[in-house]
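What follows is a set of notes on a single structure, which appears directly below.
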Amino acid sequence: MMRQILYPFHILIISSEASSPAQNQTMPNYFLHRRLSLSLINRLKHCCPAMLSQARQLFTTHEGNRPTIVQKRSLAILQDPLFNKGTAFSMTERDRLDLRGLLPPTVVSPEQQIERFMIDMKRLEVNARDGQSDPYALTKWRILNRLHDRNETMFYKVLIANIEEFAPIVYTPTVGLVCQNYSSLFRRPRGMYFSAEDRGEMMPMVYNWPADQVDMIVVTDGSRVLGLGDLGVQGIGISIGKLDLYVAAAGINPQRVLPVMIDVGTNNEKLLNDPLYLGLPQRRLDGDEYIAIIDEFMEAVFTRWPNVIVQFEDFQSKWASKLLQRYRNTYRMFNHDVQGTAGVAIAGLLDSVRAQGRPMIDFSKQKIVVAGAGSAGIGVLNAARKTMARMLGDNESAFESASSQFWVVDAKGFITEERENIDPEVLPFAWKVNEASRLGLREGASLLEVVQKVQPDVLLGLSAVGGLFSKEVLEAMKKSTSTRPAIFAMSNPTTNAECTPDEVFSIVGENAIFASGSPFKDVVLENGQVGHCNQANNMYLFPGIGLGTLLSGSSIISDSMLQAAAECLATYMSDDEVMKGVIFPSISRIRDITKKVAAAVIKEAVREDLAEGYRDMDARELRKLSQEEILEFVQKNMWSPEYPTLVYKED
């Protein structure tokens, strides 16, 4: 009788060591688990640390290896992408879940499912007439999205196995095209929408989301999607794409992510006049009304999910930094455009110094011209200045000295203190008029004039103006004082890149270092060598920042945690790779990169005494872990897309 009572509970608590059907039938693990009560764990901490370590391993499980209880059967489960396996359901599961007869009789392995999917995708590629055009990329997105709708586990298996090919489809640059056409592409609701009409209702609204635990939210107001401007409610596509990468790269459980759109209207005339537009057909709210809506949203989500991490994405410059400063010391949040893009840029800038055969500390001597003073530009400037200042002593004079290494150019030209209505965040980088004149520069000087006079080591583009780095500007970069001038065309999508790699290597020369925000193909040079096109892809950092914050239990995301992430990425590349001009790794290594970045974030959170621990690993135990043990801890808590065994239970 006792066995009949305990057995169903045993299924729920099975450890990662008992993942096969045969192992699931054994009883000893049950008794071990059952008896490891919290009080016993506390006693073990003091008397038997070795036994506690073994017990911790038993409690730490891979999410996909445990049987999952479901309250649905038959067609209902086939229509649920979180649990649907398609033709991979075993015969015992088909009997248990009333699926027999609803599927073809052959049980297909996940590997065979991937093979079938990839054959369909390659057939599309063969039949495409004009190469990889925008419509072709969008068709690929449609196919992946349909797979996501019907079988979420298989979608992530395909994405992870082919991350280099499909990251540009689910994220930049194709996600920009998706957002522009989202109203016509909309099929299945995904995520949550909070609008200006929901004021006063957001607290009860968050309980409409079925998940009791949410680890990661990506939220946008659609006001500045990539370099495409105001796309209103259609900006939800960027939140969905970002979270797909959180799952694929960081192993965040897809049942614990939530894409969010805050619809406060749009100033896009085309959308306002489109009868098929799905968002509020009104002008954007501003000022105190706007702030009140974001405040209400933040209070609501952190009330229901106190430990959630919120990433702000693609908010227009006028609000990005203000909202970051408003919430960063109260909530677990960060702004990807201001902080994430900056970290990737810093990693690339540090490695561009290594590519010159110089130590990274020489970064403090680099002359950098920055084109663009929006939220991304400001974020990079602040992060680069902090990095330089830390190398110079981390005091007030160090910050002043670091500020003099930057020349900022926006749509109105070179920025000096003479600029009227200057943005307070740009002011620290504005040159004094007399000092600028000694270089032969004036307020409003063109980008070409600045490059000619400064002869910078680095030309950094964050302008969202395609082709801004003209032939004349690149010709001027040939006179750079650096042996390996670096040109970073960071703006997205591809059409907004400030220049192409072909232009850089043909004009500046084979020794140039090139990086871009969107993917480009490597360039074969006249001498047969390869001009490497490094993608300064922000997916190298934000998944690791989110995962590291989650696993550390840090209540905030500090500047030092972000700096640790950037420096980890910078040191990821070997000296040989960097000397060849390869300053960013292949996207195919993204899960390993994310694991190491997350470990660096955890280590820094512990050092700053911000870590509060995660699940059974409390802060005190986290401090005792070695570097290798931190990496193992991260690896064990990364979700992998494996089909769980499903067990039906009535409500």
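Backbone N, Cα and C atoms are what each Cβ position is placed from, and that goes for glycine too.
So that you can see what the record holds, here are the features copied from TrEMBL:
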| type | residues | note |
| --- | --- | --- |
| DOMAIN | 148-328 | domain 'Malic enzyme N-terminal' |
| ACT_SITE | Tyr171 | active site, proton donor |
| BINDING | Arg224, Asn492, Asn537 | (S)-malate binding site |
| ACT_SITE | Lys242 | active site, proton acceptor |
| BINDING | Glu313, Asp314, Asp337 | divalent metal cation binding site |
| DOMAIN | 338-606 | domain 'Malic enzyme NAD-binding' |
Average model confidence [pLDDT] within the domain 'Malic enzyme N-terminal' (148-328): 92
Listed in sequence order, residues with CB under 8 A of Tyr171 (active site, proton donor) and six or more positions away: Gly241, Lys242, Asp244, Leu245, Met539
Cα-to-Cα gap, Arg224 ((S)-malate binding site) vs Asp314 (divalent metal cation binding site), nearest whole Å: 5
Distance, Asp337 (divalent metal cation binding site) to Asn537 ((S)-malate binding site) (CA atoms, angstrom): 12
Inter-residue Cα distance where the pair is Asn492 ((S)-malate binding site) and Glu313 (divalent metal cation binding site), in Å: 14
Alpha-carbon spacing, Asn492 ((S)-malate binding site) to Asp314 (divalent metal cation binding site), which is rounded to whole Å: 12
Non-site residues, in chain order, whose CB comes within 8 A of the mean position of the CB atoms of Glu313, Asp314, Asp337 at divalent metal cation: Thr220, Arg224, Val225, Ile238, Phe312, Phe315, Ala320, Asn335, His336, Ser375
Cβ-Cβ distance under 8 Å to Asp337 (divalent metal cation binding site), same chain, at least six residues away: Arg224, Phe312, Glu313, Asp314, Phe315, Ala320, Ser375, Ala376, Gly379
